[in-house]
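What Swiss-Prot lists as compositional bias 'Polar residues' is 188-198, 679-689. According to Swiss-Prot, the N-acetylmethionine annotation covers M1, on the basis of a large-scale study or a structure entry. The annotation phosphothreonine is assigned in Swiss-Prot to T196, T464, T516, T684 (among others). According to Swiss-Prot, the feature phosphoserine maps to S426, S490, S495, S557, S676, S679, S717 (among others), an assignment based on a large-scale study or a structure entry. Positions annotated as repeat 'WD 1' by Swiss-Prot: 47-89. Positions annotated as repeat 'WD 3' by Swiss-Prot: 138-178. Feature annotation from Swiss-Prot assigns repeat 'WD 6' to 313-354.
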Amino acid sequence: MLFNSVLRQPQLGVLRNGWSSQYPLQSLLTGYQCSGNDEHTSYGETGVPVPPFGCTFSSAPNMEHVLAVANEEGFVRLYNTESQSFRKKCFKEWMAHWNAVFDLAWVPGELKLVTAAGDQTAKFWDVKAGELIGTCKGHQCSLKSVAFSKFEKAVFCTGGRDGNIMVWDTRCNKKDGFYRQVNQISGAHNTSDKQTPSKPKKKQNSKGLAPSVDFQQSVTVVLFQDENTLVSAGAVDGIIKVWDLRKNYTAYRQEPIASKSFLYPGSSTRKLGYSSLILDSTGSTLFANCTDDNIYMFNMTGLKTSPVAIFNGHQNSTFYVKSSLSPDDQFLVSGSSDEAAYIWKVSTPWQPPTVLLGHSQEVTSVCWCPSDFTKIATCSDDNTLKIWRLNRGLEEKPGGDKLSTVGWASQKKKESRPGLVTVTSSQSTPAKAPRAKCNPSNSSPSSAACAPSCAGDLPLPSNTPTFSIKTSPAKARSPINRRGSVSSVSPKPPSSFKMSIRNWVTRTPSSSPPITPPASETKIMSPRKALIPVSQKSSQAEACSESRNRVKRRLDSSCLESVKQKCVKSCNCVTELDGQVENLHLDLCCLAGNQEDLSKDSLGPTKSSKIEGAGTSISEPPSPISPYASESCGTLPLPLRPCGEGSEMVGKENSSPENKNWLLAMAAKRKAENPSPRSPSSQTPNSRRQSGKKLPSPVTITPSSMRKICTYFHRKSQEDFCGPEHSTEL
């Protein structure tokens with residue numbers, strides 16, 4: 001009692017800036033505890049535990065310690081919270097509704113209360129006499145909130161899921177045994193999504209008014225600011241509206257217009273609702289508990305509608321989480337969906353709150369005793385009611401054993417922002433360094449460690465980061481510079497449209513060292529002709545012996561790994577495939593084709609498609625202009641012929657001006673041998689090659705030795721083509 005008298009003393013003094021002189025009580029918040037005697041289980045009709053939905057302390061004189069609790073089964077219980085020593089805490093209970101009671105409110109200064117339930121009614125009870133005074137009927141859905149005016153004991157308001165706000169007056173005569181609303185706000189929180197303007201409807205009598213139903217625009221909480229002002233909030237529109245009750249909203253059923261609105265101030269993309277609204281003792285500050293895990297504080301007397309403070313740290317995922325203020329308006333307590341209750345100091349909302357721990361489910365309704373700072377009541381979905389008291393060290397049994405503690409308070413620590421978290425060097429992941437060597441586990445091909453760094457372009461490996469290195473064009477295209485600057489620069493990010501197979505060729509153990517052309521013969525090529533040898537005849541003699549070994553090279557993955565391990569900076573690895581080697585490779589393919597029957601050679605394109613992977617390891621992928629590059633050049637083993645006149649023939653892919661005469665000579669020879677016209681498609685690629693070089697044993701090509709495409713299909717007998725007369729004559 002001494003503690004309460006000290007707390008009440010500042011309230012009698014002079015206000016400072018709208019606030020009374022206050023004692024530093026924040027250090028006492030961590031002293032709240034809940035003993036085993038202050039934990040009560042909420043039971044239903046059959047004795048099964050059910051969750052309590054609402055709790056509130058009485059405001060009647062000398063009865064401020066009475067706590068009313070309503071649960072899901074429709075029961076209302078009264079608890080005596082004056083002391084822990086009382087054995088019988090619940091001194092009265094009754095079934096108020098045959099449905100869940102979502103909210104209840106005491107009549108100011110009297111032992112009477114009103115309950116709002118899911119049976120679409122609100123009931124007026126005399127607690128002292130234990131009887132029902134009257135039933136308020138008018139809503140068409142569950143009632144979610146009820147509130148009394150501090151200035152009128154007979155006037156209260158209700159809000160329901162039907163989207164309507166109704167004002168009731170118990171002084172009016174009851175009609176057919178039920179109270180009727182004296183004022184109604186229909187569609188109080190409808191969203192403005194209609195494109196057409198609302199049509200004015202004819203005036204109706206308020207007594208016979210049928211309320212509208214809107215299941216999507218539920219009114220979750222209503223509150224009286226004064227005798228003429230009502231505050232409400234909805235479930236989805238995110239707007240807090242202030243209504244002037246001096247206006248008769250039941251006269252015309254139009255879209256109601258509030259006198260003031262507080263728009264949703266949060267950052268959520270969708271508009272959210274509010275689960276609780278409370279006013280301080282002066283009625284000038286509003287605390288709105290939003291479902292975006294924030295509590296917004298608004299100034300009701302100013303013109304600004306933006307919040308003056310924001311409290312966070314808790315979680316609010318349902319419309320059952322409520323809030324309450326301490327008797328001196330210093331502290332704000334709220335339930336939370338994370339099984340705890342939170343207490344903030346109103347003047348310092350940025351400081352971490354004090355947490356009341358002990359519940360095992362969501363904490364829904366909370367109430368700070370208006371006459372005792374040391375007492376807080378909390379309801380939870382774990383079917384229990386807890387009464388928290390300040391621990392003064394006096395709560396002991398006569399035997400000396402302390403009471404069992406089922407709830408305690410702790411100070412929440414400041415949480416570091418995710419963007420400000422500092423990671424130490426030992427925990428951080430090192431950045432990927434540019435890899436100059438190829439990884440044998442890469443799924444896509446990459447250049448070897450000794451491959452030229454800037455000559456040609458390779459496809460990027462799938463797991464290799466991209467790096468950009470600029471080099472001079474002259475150095476990138478000179479064969480001498482390419483071989484000399486292998487280990488000096490890291491690989492350039494290749495582009496797929498400039499890919500060349502030459503840059504993938506590496507040195508095998510049995511290959512001969514590369515022959516460096518004289519400086520006089522080394523030329524700087526243009527970007528478009530970087531892969532075309534300019535002088536072929538001048539380097540044929542030198543490249544003839546070298547090409548015998550180069551033609552056997554393959555780009556096998558195992559070969560790349562073995563060569564890559566042995567490669568050093570000073571190695572003489574072959575980095576390109578000269579044009580003479582490609583010409584010799586075509587000669588070998590033609591020689592192998594000449595040793596087989598010409599009838600079997602016509603199947604060459606079919607066989608070459610099966611070994612296309614081996615063929616592409618030596619020459620470039622075929623272009624649509626040159627069909628010879630896709631021949632069966634990869635058939636191994638092939639006998640090597642001496643470098644002679646046959647090696648002078650070069651392919652069309654090298655674009656040499658002298659290569660145009662052999663095709664004309666072959667066409668003239670064909671016309672001389674075959675006077676009858678032939679289809680161009682009947683000539684096989686091997687026959688085209690034979691006309692451009694001298695063979696050891698020349699083969700005369702006749703129409704009988706060439707197989708047409710029709711010979712591969714089933715040939716019908718003459719009986720199928722001839723009639724019966726012709727068969728008998730034969």
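Placement of Cβ uses the backbone N, Cα and C atoms for every residue, glycine included.
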Helix-strand-coil residue split for the repeat 'WD 1' (47-89), DSSP-based: 0 helix, 19 strand, 24 coil
Tally of DSSP helical, extended and coil residues in the repeat 'WD 6' (313-354): 0 helix, 15 strand, 27 coil
The repeat 'WD 3' (138-178) - residue tally per DSSP class, helix then strand then coil: 0 helix, 19 strand, 22 coil
